Amino acid sequence: MFVSYKWLEDYVDLKGMDPAVLAEKITRAGIEVEGIEYKGEGIKGVVIGHVLEREQHPNADKLNKCLVDIGAEAPVQIICGAPNVDKGQKVAVATVGAVLPGNFKIKKAKLRGEESNGMICSLQELGIESKLVAKEYAEGIFVFPNDAETGSDALAALQLDDAILELGLTPNRADAMNMLGVAYEVAAILDTEVKLPQTDYPAASEQASDYISVKIEDQEANPLYTAKIIKNVTIAPSPLWMQTKLMNAGIRPHNNVVDITNFVLLEYGQPLHAFDYDRFGSKEVVVRKAAENEMIVTLDDQERKLSADHLVITNGTKAQAVAGVMGGAESEVQEDTKTILLEAAYFNGQKVRKASKDLGLRSESSVRFEKGIDPARVRLAAERAAQLIHLYAGGEVLAGTVEEDHLTIEANNIHVSADKVSSVLGLTISKEELISIYKRLGFTVGEADDLLVVTVPSRRGDITIEEDLIEEAARLYGYDNIPSTLPETAGTTGGLTPYQAKRRKVRRFLEGAGLSQAITYSLTNEKKATAFAIEKSLNTVLALPMSEERSILRHSLVPNLLDSVSYNLARQTDSVALYEVGSVFLTKEEDTKPVETERVAGAVTGLWRKQLWQGEKKPVDFFVVKGIVEGLLDKLNVLDSIEFVQSERKQLHPGRTANILLNGSLIGFIGQVHPSLEKELDIKETYVFELDLHALLAAETAPLVYTAIPKYPSVTRDIALVTDKTVTSGQLESVIKEAGGKLLKEVTVFDVYEGEHMEEGKKSVAFSLQYVNPEQTLTEEEVTKAHSKVLKALEDTYQAVLRG
């Protein structure tokens, strides 16, 4: 943000303070001044001259011989090559002895035999960048208004005796992206008042509502749209003081109407747009989403293709502007414009950013909407622009403002106490001092018991909590005035939060189950970013990644775990069992910050039992990994709320995959990596799982209830069932548990067979059922009765029969 010292003086009494001193005060109050540019530094001897006569140079076709009054005793002759120099003009003259940028000194000279006593200057020759010079003066000299005083200082008239402060604003201080915002900040620092601009003007008798209506179709993207009608305007150059302010702020002047909208943008921070009413093409403004592939030619004469994500301002049929980004060329203000439709609106910053990014079109307006504007200034800015158009374009402002308003500005009341401020800052600050500080900032302060109730104006969107108010108090009190003391805090006993304790329990269980912890990169490539994700998410892409392989924040832990499995297998580690507890990053809407949430994932391959003393060698299969997951869920006391549901996922084996539901909500998955992906990664049969750790640890759990160890012996019955391949073991297990009644204590799957001697489309699933009666010894009749119910239920439900 470039801040003109002289422009700032319009709003705040700076009492002649040196710009460097002011910059130091602003920096010490928390907004860094990155530099000061002294306009016109090193330039001297430039005055306003009056061209009395102009004639063709006798010896050069492209030179002019001019007689110029520079306020001296007699006019001087100056040879000028500018094509636009003419008799009667007021121009900038570098007199003999003057110094221009680059230490260029002006001397008497003879040009093609004619004496020249000075130089008539263009703005570029006075140090102004070409891109900031109005088009009419881009190839020639600058012409002052006729009322400019001959012989007076040209630098002062062009405000080249100004100092420009460059503010390094952090993203939260969007309020300081305009002159009034900076004025409020400086006034608070200097403990003075802000002089607000006047917005009074005489309204015409005609009503604006007779000329235009407003309709908003997307109230979320555009909660407020206002329109004013201004008739009988005369398009001309804007006043010199306005042009110079715009140039010092880095904006090229165009004409009075366009310059006024840009001036108010810089003054209030509120983007405006002026349409040529007659070229707009209708008496209604309709704000809607663009049609897919709808076209518009913007003010930069570029034809742009829009999408349904973009918001447009239309005349009911055709787009006339991309909302918050740039107007359309069709209704552009031109030299013959007579009636203005003035727009002031509040557009959703995320929607504007999306359109700006998609179209590759970044403007002063889009930047401010993206960072957040003050909703309370929308109408004020429109009134200010209407006043200036009345004054400098002769416009008649029709009575009333036509608008559609769905914008609610809620009071931002925050409670804070002097004791809390004193405690945090390590000093003693009274309630009265605190009230004074907040009032200097333009806040309203009330009291409730021992607390201050501070109402923060809507322009300060960065202040939302008590700690923000404490920071404001520190800024205005002065960081240099805070004594160096040790913090005064009560002693606290170290310990883990409940979440941390549960997370540690997860790690301990998985390590106890035989898995080793892995830590992998949070960044991955586009292909892997969305693979294995529990839920869909948009990608969060780094602006300047070190490489394409590490350019996107991950959605799942599994892809990088599989890379680790592949790495270990390639180095002769036959069996790998890894887990990771880490963050994934999910984005629901484009251009919003990703949500960081924790997941736990595992990848297991090879032999689960590989040593002789562990028994017969056993390869990893679905049920081994499912047992690990069930053990973890049981450890967290949520297993009773869990359901495994057969599913299909692109990267997993279609017949060996299950979603994991907690109280009916998806929290993870388990399955074998798809054979094609295993081949691509050059890994053996590998099983993976991933769980939403945050959802698991936040789940409500039933209190643990002590159950005595049974005094009486249990009876175990093993069964092998032949059933359709489409029936999962989980479905069979559910039927067994429901039919087994209170005597059935435990059900365990111990074998699945689909090989030789099985019918086509059939498989064998073997279960071990444990029956026990906690009150007495089971009889054979009781076991047989309960077991028969189980077998009948299996046959009735899934046509599952005992294997012969």
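Using N, Cα and C of the backbone, Cβ positions are placed for all residues, glycine too.
Taken residue by residue with DSSP, Asp462 (Mg(2+) binding site) is part of neither helix nor strand, so it is coil. Counting every protein chain shown, the number of other Cβ atoms lying within 10 Å of the Cβ of Asp462 (Mg(2+) binding site) is 17. Taken from Swiss-Prot, the feature Mg(2+) binding site covers Asp462, Asp468, Glu471, Glu472.
Feature annotation from Swiss-Prot assigns domain 'tRNA-binding' to 40-155.
Residues annotated as domain 'B5' in Swiss-Prot: 409-484.
Annotation comment: Swiss-Prot describes 710-803 as domain 'FDX-ACB'.
Ranked by Cβ neighbours within 10 A across all protein chains shown, the binding-site residues Asp468, Glu472 are led by Glu472. The Mg(2+) site is defined by Asp462, Asp468, Glu471, Glu472, and by the 8 Å test on Cβ atoms against their centroid, the other residues of the chain that qualify are Arg460, Ile463, Glu467, Leu469, Ile470, Arg475. DSSP states for the domain 'B5' (409-484), grouped as helix (H, G, I), strand (E, B) and coil, give 33 helix, 16 strand, 27 coil. The 10 Å shell around the Cβ of Glu471 (Mg(2+) binding site) contains 17 further Cβ atoms across the protein chains shown. Across the domain 'FDX-ACB' (710-803), DSSP assigns 34 helix, 32 strand, 28 coil. Broken down by DSSP into helix, strand and coil, the domain 'tRNA-binding' (40-155) contains 11 helix, 49 strand, 56 coil. Across the domain 'B5' (409-484), the prediction's mean pLDDT works out to 92.
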